[in-house]
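If you check TrEMBL, you get these features:
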DOMAIN    46-112  domain 'HMA'
DOMAIN    128-194  domain 'HMA'
DOMAIN    202-268  domain 'HMA'
TRANSMEM  298-321  transmembrane segment
TRANSMEM  333-355  transmembrane segment
TRANSMEM  367-389  transmembrane segment
TRANSMEM  553-572  transmembrane segment
TRANSMEM  584-603  transmembrane segment
TRANSMEM  623-644  transmembrane segment
TRANSMEM  959-982  transmembrane segment
TRANSMEM  988-1008  transmembrane segment
Amino acid sequence: MAPSSKNLQLTKVAGAGEDSGDLEDVRLLDSYEDGDSFNKIEEGMRKVQVRVTGMTCAACSNSVESALNSVNGVVRASVALLQNRADVAFDPNLVKDEDIKNAIEDAGFEAEILPEPGTFGTKPHGSLVGQFTIGGMTCAACVNSVEGILRDLPGVKRAVVALATSLGEVEYDPTVISKDDIVNAIEDAGFEGSLVQSSEQDKIILGVAGIYTEMDVQILEGILSHLKGVRQFRFDKLTREVDVLFDPEVVSSRSLVDGIEAGSNGQFKLNVKSPYARMTSKDVAEASNMLRLFTTSLFLSIPVFLIRVVCPHIPRVYSLLLWRCGPFQMGDWLKWVLVSLVQFVVGKRFYIAAARALRNGSTNMDVLVALGTSASYFYSVCALLYGAVTGFWSPTYFETSAMLITFVLLGKYLECLAKGKTSDAIKKLVELAPATAVLLTKDKGGKCIEEREIDALLIQSGDTLKVLPGTKVPADGVVGWGSSYVNESMVTGESVPVLKEVDSSVIGGTINLHGALHIQATKVGGDAVLSQIISLVETAQMSKAPIQKFADFVYICSLLLGLLSMAGGGFIQSKAIVQMTVASIFVPTVVGLALLTLLGWYIGGVLGSYPKQWLPEHGNYFVFALMFSISVVVIACPCALGLATPTAVMVATGVGANNGVLIKGGDALERAQKIKYVIFDKTGTLTQGKATVTTAKVFTGMDRGEFLRLVASAEASSEHPLAKAIMDYARHFHFFDEPSATKDAQNNNKETNSGWLFDVSEFSALPGQGVHCFISGKCVLVGNRKLMTESGITIPTHVEDFLVELEESAKTGVLVAYDYNLIGVLGVADPLKREAAVVVEGLGKMNVRTVMVTGDNWRTARAVAREVGIQDVMAEVMPAGKADVVRSFQKDGSIVAMVGDGINDSPALAAADVGMAIGAGTDIAIEAADYVLMRNNLEDVITAIDLSRKTFARIRLNYVFAMAYNVVAIPIAAGVFFPSLGIMLPPWAAGACMALSSVSVVCSSLLLRRYKKPRLTTILEITVE
C-alpha cells in the first residue's frame, strides 16, 4: 500500500557543516536562480515546501510570494509557477506551518504542506493511510454503515470499505486519532477489526522459533527492552509472534532482527510475517470458524427436526417424547434445550453484531436474523409457558429458528469460500516474491567476504544480492556481475526470456534461468514493481464502480414490485415508497413489510377472509400470520445485490492482472465498456519505438563522417528516441563497428564522447521541433521544417522533394543546418508493430473507431495510418495539444480512450475517459493512466475493452438475478400465492433461499475467472483451415 502524499514534514535547514549531497536533495525547485543560497539560511530557521494550486501566470506567483514575505517571521519565500510549489524559510518561534498555509489561502489560492523528499526510514508527521480487516460485513448496508462511522471519526480524512475483500482503507491524522481508536470504532459498530498494514513503516511482525518455556519469553522481552529504537512490543504465546513498534529513524527492521538473534546467541530464529500472508491466514481462519459454527448448529438442529417430522411416525420413540416430565413433555424439553444452544451459543454472534449496530444507529443483516429467529424462539417459549399455566397447548416452532440459523451459517460459509477465490489474483502475485534472499557482504575493495540468507522482506536499498540459477530475483535492481536469461512473463507477460547483463535492470519476482547474477537492490518495499502491481490491483478491488449505486435503485424497485404483487393479493395497500439509500431504509422497510404481512393475515383471518382449514393443527390466526412475517424478514435482505458488483469487479481486476492488464479502479473498468474512440499515439505505440537511421544525405561539400559527427554532437544531450537512433548510427559509422561490437562504446559514453564528439554550448531542446546548440561558435539546428522556418532558413526545392519522398515512404525526415545554412537530411524509420494493423481492424469489428495522433509531419503520419488502416489522423500535434484532440472527440459525449507510452502522453492520458499506458513494465506508477498494459503489445487494448464488456454483462446478469429473486421471493414469503396455489415458504426455507442467493451471485462472478483473451481470428471472422 503506497503511502499517502499528503504528509507534513518540517525539516531543520542544514547548516554549513552538512554534506553537500543533502543540500542537493533538499533543493526541489529548479527554476530558482538563487536555489543554493535559499538553502543557506540561518541556524535555527526552518524550511517548508508548499504545493500551491490555482496559479496561472507570473502575477499569481508574485502575489503568493508577496503574501508569504509579508508574514512576520518569514525570512525568505520563493515561488515556482511551473512546479506549482513554494519554498518558505521562517522562524519557528514566530510562525507555524498553518500560518503559511493560511497566508496563501488568504491570497486566493489553495495550499498544501508537502513532505520533504526523504530517504528510507523517514517518519511521517502528516496523514497516514492504514489498511484494516473488517469481519462480519454481509451486505451493502454493512459497508455504508462502517464507512459512515469511520468518516465521522475525528482525524479521519478518507475511508473506503470493500465488501468483497473485507478490507477498509483509512487516511487519518495520527496526532488526532490512533490505529487502535479506528479498530475500536469498527468493533463498536458491530464488526471485527484489526490493522493489516500502515504507510508508517514503524511496525514489524516477527514469527519466533526457539521459544519453549516462560524463561525463553522473558529472555526475548529482555532483549527487546534493551534494543535502541524499540518503542513497544507484544508477544502472542499462541501464535508465537511478536509485534514490535519501533522508531525507523533509530533502527532498521534488519538491524532489529539481527539484534534479537544476536542477543539470544542464536537460540531464536525469526521470520518476518507478510501482511498479505496474514490476511490469507485470517481468511482461512474465518472460513474454518464459519464451518465450525455451521456443523455445530447442524448437529444440534437435526434432532429438533427429527423430533418434529420423523419421530411422530415411530410409535415407541414418539411415546417417549410424549412422556410428561414436570410441566412439559420430554420432547418439548429436548427441543427447548437444543434450540437454546443454537440460539444463544452458536447464534451469539448475530445478537452481538446486531446490538452494536443498533447502538451506533445503524442496521444490517444481523438485525434481521436476530429479529426473525428471536420472534420464532420467544413465541415458542411463550407458547410452552402459556400451555403450562392454562392447559391450552399451542404448537411451537423451535425448529424454525434452529434451521434458520443453520442455513444462514451455511450461506456464510459458502460465501467465505467463494469470496476467498475472488482474491486469488493478489495471492498469486504475493506468491511471486521469494521468501528469502542471499545477501553478499563486501569489504572496502569490493571483494565478497561473506554471504548469508536473510528474509526477503528485510532487503534494503543498496544491498548486493546473489541470484542462483533457477531461483527468483528477490528485489528490483541492477546487475553488477554475471549474465543470464530471466523469465519475466509472470510480471510483464512477455513469454520470451530476456538477456540480463551488467547494468541491466531486473524485476523482483522474476525467475533467473541459467547463469548466476549479483544484483544491487534499487527498489524495495512499496517502491518495488511487484509491490506496486499488488497495490494497483488492491486499490482497484477497493474502488467502487458507479454501477454499484444502481443496487439501491434495483432494491427499491424490487421492494416496490413485491409490494404491488402483495397488494394484488388483497392484503396490503401501499401509496408510495420514498427512494433513499439502501443503508438507511432496508431494515425499517423490511420490518414494515413484515408487520404489514402480519397484520394483513391476522386481520384477514379474524374477519373471515380465509377459511380456518388453512391454519396448522392446533394453530391460530396469530401464529399463522407470524410465520409469514418471519419469512419476509429473513428473505428480503439485499445481500445478493450488495455482492453483485464488487465481486465481479474484484474477479475482473484479478483476471486482468494475470493477463498483463492492470486496472486502476471499478470506474475505469465501467467506462471502458462504452469506449467509442481509441486514439493511438504513433511513436512507441503503433510503432516499435526502435527508430533507425536508413538514409543520410549531405547537400554540401562537407565530408559524410564530419556531417554525422556534427549531428551526433548536437543530439548527444537529447533524450528523444530519434536522437538515440542518430547517435547509434553516427557512432557505428565513426568506429566502423558492428552494432553488437559497440557495447563498450555505449557503456562508457563519457570516454567515448570526449574522444570523437565536438564540444557543445548553449544546448536547448525545443519540444515538437528539434534541438538548437552552438559548436565552434556557429549555430547548429537539427529538427523538422518548423524549426528551420522559424529560424529563417529556406528549404531548397530539391531538398523538399527529397523530404517528400522520405515521408511518403513512412519515414521521418530530419533536417540539419550549420551556421544557418541547410547542409543535409537524415531519414529515420520506426517499424510498425506486427500486430498494429490487425488490432486496428479488430477494434473496427468491435464498433470502436480508431484515431492516430502524432507530432510528426502529415505525409509520414498519413503513410503510417494508411499502412495500419486508420482513417482519422491528427499530425503535427504538440505534446500539450494531444489533450485538446481528446477533448474534441468528447464534445458529443463519446467515451474516448487514449493509448500512449506514458512518457510524453500524460496530458492526453489524463484528459481521456480511459487512459491506457502501454509497455510500462518497469513504470507502473503512471498516475495519468487508468489502465497499465504491462506488455508492449497492442492486443491488450482489445483485451482491456473485451474484459470490461464481459464483466459488466456479468454484473447486469447478477442484478437481474438478484432483482428477480426479491420480486418473486418476497410475495411468496408473504403468502400472496398461498390462497390460489397453496405455496408457502417456511422461515427456515426462506433462510436457505436468502443464503443461497448470495452464494449464487458470488459464484456467478467467479465464472469470470474462466475468461480467455479474445482471439483475433475470431474477432476478424477469419477461418483457419
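Quick reminder: no glycine exception, Cβ is built from N, Cα and C everywhere.
TrEMBL annotations: computationally assigned, not manually curated.
Just so it is clear, the model here is predicted, and its values are computed rather than measured.
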Take the transmembrane segment (623-644) and find every residue of the same chain, 6 or more past its ends, with a Cβ under 8 Å from one of its Cβ atoms.
138-143, 163-164, 365, 368-369, 371-372, 375-376, 379, 394-395, 397, 400, 404, 415, 551, 554-555, 559, 562, 582, 586, 589-591, 593-595, 597-602, 605, 614-616, 955, 958-959, 961-963, 965-966, 969-970, 973-975, 984-987, 989-991, 993-994, 997-998, 1000-1002, 1005
Cβ pairs under 8 Å only, please: of the recorded stretches 298-321, 333-355, 367-389, 584-603, 959-982, which one is richest in them relative to the transmembrane segment (988-1008)?
959-982
Over the span of the domain 'HMA' (46-112), count residues by DSSP class, listing helix, strand and coil in order.
22 helix, 24 strand, 21 coil
For the transmembrane segment (367-389), what are the same-chain contacts with Cβ under 8 Å, counting residues 6+ beyond its ends?
327-328, 332, 335-336, 339, 343, 347, 350-351, 354, 357-358, 395-398, 400-401, 404-405, 408, 587, 590-591, 623, 626, 629-630, 633-634, 636-637, 987, 991
Looking only at residues six or more beyond either end of the transmembrane segment (333-355), which have a C-beta under 8 A from one in the stretch?
136, 190-191, 293, 296-297, 300-301, 303-304, 307-308, 321, 325-326, 364, 366-367, 369-371, 373-374, 377, 380-381, 384, 396, 398-399, 401-402, 405-406, 409
In the domain 'HMA' (202-268), how many residues does DSSP put in helix, strand and coil?
24 helix, 20 strand, 23 coil
